[in-house]
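Sequence annotations record features per position, and here TrEMBL assigns ATP binding site to Ala9, Tyr10, Ser11, Gly12, Gly13, Leu14, Asp15, Thr16, Ser17, Gly118. According to TrEMBL, the L-citrulline binding site annotation covers Tyr88, Asn124, Arg128, Ser178, Glu263, Tyr275. The L-aspartate binding site annotation in TrEMBL covers Thr120, Asn124, Asp125. The domain 'Arginosuccinate synthase-like N-terminal' feature in TrEMBL is assigned to 5-167. The annotation domain 'Arginosuccinate synthase C-terminal' is assigned in TrEMBL to 177-394.
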Amino acid sequence: MSKEKVVLAYSGGLDTSVCVKWLQDEKNLDVVCVCGNVGQEETGLDAKKQKALDLGVLDCQVLDLRDEFSDEFLTKAIAANSMYENKYPLLSALSRPLLAKKLVEVAHEFGATYVAHGCTGKGNDQVRFEAAVKALDPELKVIAPVREWDLKCRPDEVAYAHAHNVPVPEGANDNPYSIDDNLWGRAIECGHLEDPWNEPLDDAWVMTKNPEDTPDTPTYTEIEFEAGKPVAVDGKKMKLSEIVIALNKISGDNGFGRLDLVEDRLVGLKSRECYEVPGALTLITAHKALEDICVEGDLLKTKIKLEQDWATAVYNGQWYSPLKNALDAFMADTQKFVTGTVRLKFFKGNCHVVGRKSPFSLYDYGLATYDRDTTFDEKASAGFIEIDTLSLKTWAKVQGPSSAAAQA
């Protein structure tokens, strides 16, 4: 009788390699691995596939998801100017629903009963994976080995790996940080950073230069957008994945994109996190500047409020929810005229918008200028103020500090 199958989100690292053996031995399952390339720094995907095959998995699918991640996920994040708690661009929260989607697709391909992931029981990613799976196929069952097994720390996993002939990378116990990265940036936590009083050490940063070591002259860059989507950098048309890579380099070389913060996790605890998001912060900064001249005022104010709802929904694993889908539709409608160019100035860890233009700009020079050729009728303001303050004036007479009611 054939065994039931499980499809595992596989990174090739220690955690998921141990997961393979644990699922085989403790759950008596045939394992299929899925390794998604969403632009992470790690290389050697072929070697990771071979490692999984050597562990006895049925198959290990290595999927290049960089363009799908950019075109279907990052475009929506840019449209929503996604900044969780107004602090940082969403990172892992954007890649997890795509990886979960691929788990479900491969599970259907192999007729698997289960999917599995290597997330811990105190993080957000477990929720993101499982919420996405439940939305895409409610019948699939999810196994989370790290929540079930008795391996409490990394040395325990190393010992288990040695005992079960799982290859252990050299220096597996030496890395003080937990890292997750993709095209959009890099998240760093644990180790020295767990004390929020500790300043991040230089070895925490990889994508960005120390601002003190950056060029002594400013760097200028222009980003072009069409209907809210980035399409070119410095006049060169590129697909979005290439634009993000280019801006990661330009911004990072100028020391822009480092964040050190405490965030509120979905599971109720506060966590100190460091992020390197040079390209993401650059694109959101430019996109906001273009929206300022292209989106009508009341619509823009409403959009800014809903951006936090969008970011919170995605952070909480609700990528495939009705709320998120409705917010996507709203955001998409606001982007119809967000077309134009933004000029940015980088210098010593800073990025400033120094120019913006659009064929659909609502910025009217004639109305805005204070020169003698202004087209704004200042006399009309008197009537506007009279109507605008009518409610306040009525209140002051009846209930205000100088009213008879207040003096009684």
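Keep in mind that glycine also has a Cβ here, set from the backbone N, Cα and C atoms.
Keep in mind that TrEMBL annotations are predicted by a computer and have not been checked by a curator.
Sequence features annotated in TrEMBL and their locations in the structure.
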| residue | record | contacts (Cβ under 8 Å, 6+ apart) |
| --- | --- | --- |
| Ala9 | ATP binding site | Thr16, Val34, Gly36, Leu99, Ala100, Leu103, Val115, Ala116, His117, Gly118, Phe129 |
| Gly13 | ATP binding site | Pro169 |
| Asp15 | ATP binding site | Gly118, Val146, Glu157 |
| Thr120 | L-aspartate binding site | Gln126, Val146, Arg147 |
| Asn124 | L-citrulline binding site | Ser92, Ala93, Arg265, Leu266, Val267, Tyr315, Asn316, Gly317 |
| Asp125 | L-aspartate binding site | Ser92, Arg96, His117, Cys119 |
| Arg128 | L-citrulline binding site | Ser92, Ala93, Arg96, Pro97, Ala100, Gly317, Trp319 |
| Ser178 | L-citrulline binding site | Ile188, Glu189, Cys190, Gly191 |
| Tyr275 | L-citrulline binding site | Tyr88, Pro89, Leu91, Gly185, Arg186, Ala187, Ile188, Arg258, Leu259, Leu261 |
Cα distance (Å, whole number) from Glu263 (L-citrulline binding site) to Ser11 (ATP binding site): 25
Same-chain residues at least 6 apart in sequence whose Cβ lies under 8 Å from Glu263 (L-citrulline binding site): Tyr84, Glu85, Lys87, Tyr88, Lys270, Ser271, Glu273
Among Ala9, Tyr10, Ser11, Gly12, Gly13, Leu14, Asp15, Thr16, Ser17, Gly118, the record's ATP binders - longest CA distance, Å: 13
Neighbour count (Cβ, 10 Å) for Ser11 (ATP binding site): 19
